[in-house]
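Here is what Swiss-Prot says about this protein:
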type	residues	note
ACT_SITE	Asp127	active site, proton acceptor
BINDING	Gly11, Arg72, Tyr73, Gly102, Asp103, Gly104, Ser105	ATP binding site
BINDING	Arg21, Ala22, Val23, Val24, Arg25, Arg154, Gly185, Ala186, Asp187, Lys213, Lys214, His215	ADP binding site
BINDING	Asp103	Mg(2+) binding site
BINDING	Thr125, Ile126, Asp127, Arg162, Met169, Gly170, Arg171, Glu222, Arg244, His250, Ile251, Gln252, Arg253	substrate binding site
Amino acid sequence: MKRIAVLTSGGDAPGMNAAIRAVVRKAISEGMEVFGIYDGYAGMVAGSIQPLTAASVGDIISRGGTFLHSARYPEFAQKEGQLKGIEQLKKHGIEGVVVIGGDGSYHGAMRLTEHGFPAVGVPGTIDNDIVGTDFTIGFDTAVTTAMDAIDKIRDTSSSHRRTFVVEVMGRNAGDIALWAGIATGADEIIVPEEGFKFEEIVASIKHGYEEGKKHNIIVLAEGVMSADEFGEKLKAAGDTSDLRVTELGHIQRGGSPTARDRVLASRMGAHAVELLKKGIGGVAVGIRNEKMVENPILGTAEEGALFSLAEDGKIIVNNPHKADLALSSLNRSISI
């Protein structure tokens, strides 16, 4: 394989630029030509494809977002959109594609592979909801951003003896809430993967105040409900504390990536090129026990929440390895 392309798709994540940089520089070192596809699959269909050099990706490793830009393009789910994109790839002599993004992006990569264009997925999403990898690019930065914000909220919460509900991102996965909640010593961590009762939370808040506690921090994953709705239901369940709600929002998707995300993105980008060089497509790279791995895209493009609830109320473990990591971390924090 002599000519490949790289694109970013879906929601942006800190570290995407580091991954692009690794793809470009690794490919050049292997004697390949590299093209950047701007604006994701929409740009592929529109022919927004330009050659990239080592200079093109200079000084981007520390930048958040993606310099290739990103866009959601549901039309690529249709065969007509796929064929238009493939026509553009052929026009530029491209033989393989690295797709950086989340589960929706992976579905597009799978379609490309089915049409004879090897595509390798690189997990770029702050949600950490991709099966087959312990961590996704951007997750560590998002957790760090949430942690910093919650630390600041704790200062004002304690000053005014208030209860704060802090809503963090993560879509249908509670990973950001779990890790940020542990890191900030939150009083309650509410995630989609685990049930809860408002009455029990209210009782816990009341007991805390009776024991001399000055304030409370509740970290809420957006996949459960909005912070406003949660606050209203908490009040309806009998909470009488001075309650405030905060939605951290898109600040979690921005900012300079952490060292961990930069290194992770660099390793994943380079590994994706190694796979394409061997003619391997239809797979997504990941990290397991600090080692690079690859898994069939078909299995990794499903929802990657750690747990889900069955109709009988039992917890189903969707990703045992990630669940073990999270639960062991939670258990350690409780025992400290």
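The chain as shown is numbered from 1 upward.
Keep in mind that glycine also has a Cβ here, set from the backbone N, Cα and C atoms.
Note that this is a predicted model, so its numbers are computed, not measured.
Other residues of the same chain near the ATP site, with their Cβ within 8 Å of the Cβ centroid of Gly11, Arg72, Tyr73, Gly102, Asp103, Gly104, Ser105, are Ser9, Gly10, Gly40, Gly101, Gly108. Neighbour counts of Cβ atoms within 10 Å were taken for the recorded positions Asp103, Asp127, Asp187; the minimum is at Asp187. With respect to Met169 (substrate binding site), the closest of these binding-site residues in Cα terms is Gly11, chosen from Gly11, Arg21, Tyr73, Asp187. Of the binding-site residues Arg21, Arg72, Arg171, Arg244, Arg253, Arg21 has the largest number of other Cβ atoms within 10 Å of its own Cβ. Across the residues annotated as binding ATP (Gly11, Arg72, Tyr73, Gly102, Asp103, Gly104, Ser105), the two Cα atoms farthest apart lie 13 Å from each other. When the alpha carbons of Asp127 (active site, proton acceptor) and Arg72 (ATP binding site) are compared, the span between them is 16 angstrom. Sequence-distant neighbours of Tyr73 (ATP binding site) (same chain, six or more apart, CB under 8 Å from its CB) are Ser9, Gly40, Tyr41, Ala42, Val45, Gly81, listed in sequence order. With the fewest other C-beta atoms within 10 Å around its C-beta, Thr125 stands out among the binding-site residues Ser105, Thr125. In this structure, the C-alpha atom of Arg72 (ATP binding site) lies 16 angstrom from that of Arg253 (substrate binding site). Proximity of Ile251 (substrate binding site) to non-local residues of its own chain (separation of 6 or more, Cβ distance below 8 Å) is seen for Thr145, Ala149, given in sequence order.
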